[in-house]
Structures are given as C-alpha cells and as structure tokens.
Amino acid sequence: MAAEGILVYWRSLVVILTPLILLPLPLVYPGSTEARAAYGVLLLAVFWVTEVVPLPVTSLLPVVLFPVLGVLSTEQVCVTYLKETNMMFIGGLIVAIAVEHCNLHKRIALRVMMLIGASPRRLMLGFMIPTMFLSMWISNTATTAMMVPIVSAVLDELKAQEVDNSRRPSVLSGATSRHDSGTFDQETRRKSLARVEMEAPLPRAARTNGGALPVGTPAPRVQDADDADDGEKTKLPRPNQESVAYYLGVAYAANIGGTGTLTGTATNLTFKGLYESLFPSLHGLNFANWMLFNVPLMLINAIVAWLWLQVLFMGLFRKSSGIQKQTKEQLKAVEEVIATKYRELGVMTFHEGSVMFLFLSVVVLWFFRAPEFIPGWAEYVSDVKIKDATPAVLIVFLLFVLPANLDFLRRDGPRKASPALLNWKIIHEKLPWGLVLLIGGGFAMAAASRESGLSKLIGAQLVTLQDSMGSTAILVIMCTATTFLTEVSSNTAIANIVLPVLAEMASAMRVHPLFFMMPATLCCSYAFMLPVATPPNAIVMAASNMRPGDMIKAGLGMNFLCLITLFIMFPTLASWLYGLDVFPPEAAHIGTQSRL
C-alpha cells in the first residue's frame, strides 16, 4: 500500500530525482562544457518523454538551464525561440485558423464527399480524401474533429435505415395481414408498436419519422452485458467492423496528410529549422521541393491505408466479404445526409470566398518562391533572401484588415465598419502557443549541443556503426525505432531529441544529412497504434467507442506498411531528387559552422 501511495506522486518524483540522477555528469567532469550540455539535454529529454509537466513549460527550461550551466548566454537561447521557421509556423497556423473560422474546410470536405459517392468503399474514400487534403494545411486535430461528426451522422443514418428496413417492416407486415382479416384492432396495433420499440429502442424523433434518426442525433445507448451492474450501468455499443474502418480511415488520413507539406505538422517545421541551422551552407528545403517527394509518398500511403482497412475490416480479397451490401434506400439516405449538411452551410459567403482566395494565394506564393525548375518570384522582388515567413505574414496581415462582408457599401445598410476576416480573439483561443514554444525549445537544445561540442562527441562515437552495418541498414533501424517511439510520446518532442543526433551521425559517417533526418521526420507522423500517440487517434477512439485491440491491430500493420513504402521510395525517388548519393563537403564538422 505504501508503494502504491508513492506511485501516485510519480510526476513529482521524476521532477526531483531526474536532476539528482544526472548530477554526476557535470560533477565528474567539472570543466567540461560537453558534460554540462549533456546534463541539460538529458534532463529536457526525460521531462519531454515523460510529460511530467506540460510540454510548453518544459520547452521554456533552456532559458534557465543553458545560461546557468554556462553553455549559452540568455540572449543566445532566447533568439532561437522565434526564428524564420517559427514565424512561418505561426503564419501558417493563423491562415489555417481563418479557414476553420469561416467553415470553408467543412464546405470543401462535404463537396468532395458528394462527388465521390456513397457506396461503402467510395464512402470510405470520401471520408479520407478531404481529411488528407485539409490536414496538409490545417491542424490534423482540427481536421479530425471536423470530420468525425460527419462520419457519425452518416453511420447513424445507415443504422436507422437498417432498423427501419429489417425490424419494423417484419412486425408491421404481419400486423397488417391480421388487420385485413379482422383480427387486428387499434389496441393490438399499439401493443405491436410498443414491442417493436422495446426490440429496437429509438429516440422520440425517430419514432415520429418513420424510424429514421434525424441528422446529428446521437446513437441510442444500450445495455452492455459485460459492463452491467443490476441494470444501472450503460455504455455506448461497440461499432461494427465497417464503422471501425471508417473512423480509422479518418485518423490515418489526418496523420498521413500532415506529411505532404512543410506546414502540415510541427515535426516538419522542426526538421526544417534544425536542418537549416545545423547546415546553413547546404542548399535549403523549401515548400516546392518538399512536396515533390512527400506528396507522392503521402498519396501512396493513403491508398495503402484505404486498402489495408478494407482487407482487415471489410473482407477485401476474401470470398466471404465482411462488407454489407447497401440497398438503394440506404445509399440514397447517405447521399441525402451529406447533401443536407452541405445545404445547411448555405451559399458561399463573401467571407468564405475571400479566405479561400488568400489561402490559395499563400500556397502559390510558397510554392513559387524558389521552385528551382523555374526562377522564383523572390528573385525579382529583392536582392536579399526572402523566405517563406514573408508571404505567410503578408497574408496574415491581410486577414486582419480585409472586410468580412460588403454591407458598408450598401446605401440602405447600417453605417458601420465591417468586421475583418479574422480577429485576435479567435487567434488567442485557437492558436497552439505551446507548439511554438516546443519548437523553440528544440532549437535551443540543438544549439546547446552544437556550441558545447556534444554533437561532435556523439558523432565520433557513432562512426563505429558504419563499420558494422551500412547506411541503409542504419536507416531501417533508425526509422523503425522512431516510428514506435512516437507511439508513446509527443511527435515533436521525439523529433527534437532524435534529429540533432542523426545530423551529427550523418556528418560523421559522411552521409548526406537528409538521408537520415527526413525519413525520421516522416516517421514521427506514422503514429497509428495507440490513442495516446496523436490527437486524431484519441478523437476517433472516443467518438466510436471501438475496442483498443482494433486500433492496435490495424495500427501495427499500418506502421509497417508505411515503413515499407518509405524504404522503397526514399533511397530511390528522394535520392534522385535531392542528390543523396553525394556527400556535400559543407555538411562536415557541423560544430564549427555559423551560429544560430
């Protein structure tokens, strides 16, 4: 009992004991800057992985640790928190918030679903395609949270149609025959309907609407024999295999979609910032050349996920298909649900049109800033180097000054100023400031490792791996380890810990840094097994009440399938696109390159 009482305070124990356990590092080597830097890096790594305090709070610790340890000055640490990459991240997030604020993302999703169709396999594709596309530009959490109610409404309608077609008609048809023979009076009819409701309990709105659940009505709660206690405890029913496939498809599409663009997820921007700061002389990554490799990989992984879920839950390639053939009435009902939700949005407003124009503008400006296959617009604008944060901040500024409607132009309208497309209150509520601090903390940790010589020391120790195994084998081991590490910890935290080590490993082994760093970054998004791995997983788990075993079983296979596609495409397509076969001399001795 005493041990159990202590474990309740495990977070406090980690906070207190970790600094004490690591204390021998600076004490045994009192004059070693590397040892003091290692102390700070390890302490941050433990706090990040265990999440004993919120990640944004841990991300502020470098401001205290590295100056006190004599590794970096306070000014050197603080300047790493808001670099060009951070500013691009903030700008991209604000544009995404504007898209969410005017419901443009919901309009795009529903329109795509209307075009694809309502048969089971097409319906699943209709859920996944808009989720993947939207996740390229806005938060995967927001995308999933937007899609899940749509999925739930469609599945509720399908269930209601099944009840209406299978249970109610069978009872009422018999009742009708008895009524025709003179043995079915009003009292008998009332009792028969009561029996139907007991067999398939429906909400009052459904009983007055031919048995069909109205859009948005939650599924009825039923008794679960495994969890019942004297008939008092109830819980939501487990979904069928087809429903599990739909929900997991949304989560997978959200996670995979974030890999398609640099702004799709925080780990991509973490990689960009670390790569450019550790190797400032190397040719940098931009929006266009990132998409040249990662959009094809994203599409292949999405198709793989679609097929894998059908094989696992819908009986694809099996004689006895697990998928239930839908009737024309069910298909029509699903199409009507989607069309109704689309009609509820009304016609596209001036607000939505303006945000769409600005959203497309920033994408075009990002892509054509330095596309490499043609001269970029930045070369004609200024003699200094313009990076992606500049167009992002320009569009953000326009979001705060352009009007949301044109009522002020009407002579008979109210004489007052129109609100802007976006306001600061929305930004204050929705912008994940913690992620901004998390990225900054990772940059500070990388700077401390480089300035102290810790990175160089680690690289020297890792050179021995090259003698025992080739770079491809190391790539496979490293990507597999990263994929399963990110299942139990924050994706961005894992990237901040792993990428600086891989950068030094590549430099010491005389391998192009992208060969190790980019695949590891992508693997941080391959979190499919556990609800705690990433917010989309947790959202669909809570919404569907699926069995944890279903998510683990499907996610384990999806992890390996994504790794296989990565191992096939990266040494081939990526090697050709980025010239990974040649080690650039600028990548040697990263510890001696220019300061952040």
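Keep in mind that glycine also has a Cβ here, set from the backbone N, Cα and C atoms.
Because TrEMBL annotations are produced automatically, they should be read as predictions rather than curated entries.
Feature annotations, courtesy of TrEMBL:
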TRANSMEM  6-29  transmembrane segment
TRANSMEM  41-66  transmembrane segment
TRANSMEM  86-104  transmembrane segment
TRANSMEM  125-148  transmembrane segment
REGION    166-237  region 'Disordered'
COMPBIAS  177-198  compositional bias 'Basic and acidic residues'
TRANSMEM  287-309  transmembrane segment
TRANSMEM  350-369  transmembrane segment
TRANSMEM  389-409  transmembrane segment
TRANSMEM  430-448  transmembrane segment
TRANSMEM  468-486  transmembrane segment
TRANSMEM  515-533  transmembrane segment
TRANSMEM  554-578  transmembrane segment
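With a cut-off of 8 Å on Cβ pairs spaced 6 or more residues apart, the transmembrane segment (430-448) and the transmembrane segment (6-29) reach fewer than 3 such pairs and are scored as not touching.
The stretch from 86-104, 125-148, 515-533, 554-578 that makes the most Cβ contacts under 8 Å with the transmembrane segment (350-369) is 86-104. Spatially, the transmembrane segment (86-104) is not adjacent to the transmembrane segment (515-533); fewer than three Cβ-Cβ distances between them are under 8 Å for residues at least 6 apart in sequence. Pairs of Cβ atoms less than 8 Å apart link the transmembrane segment (468-486) most often to 554-578, out of 41-66, 125-148, 287-309, 554-578. Between the transmembrane segment (125-148) and the stretches 41-66, 287-309, 554-578, Cβ pairs under 8 Å are most numerous for 287-309. When Cβ-Cβ distances below 8 Å are used as the criterion, the transmembrane segment (41-66) is approached by residues 11-12, 14-15, 18-19, 22, 25, 72, 74, 76-78, 433-435, 437-438, 440-442, 444-445, 448-449, 454, 489-490, 492-494, 496-497 of the same chain, each at least six residues removed from its ends.
Same-chain neighbours of the transmembrane segment (554-578): 244, 248, 252, 256, 289, 292-293, 296-297, 300-301, 304-305, 308-309, 312-313, 472, 475-476, 479-480, 483-484, 512, 514-515, 518-519, 522-523, 526, 528-530, 533, 537, counting only residues six or more beyond its ends whose CB sits under 8 Å from a CB of the stretch. Sequence-distant contacts of the transmembrane segment (287-309), counting only residues of its own chain at least 6 positions beyond either end whose CB sits under 8 Å from a CB of the stretch, comprise 124-125, 128-129, 132, 136, 245, 248-249, 252-253, 256-257, 259-262, 268, 316, 366-372, 388, 522, 554, 557-558, 561-562, 565-566, 569, 573-574, 577-578.
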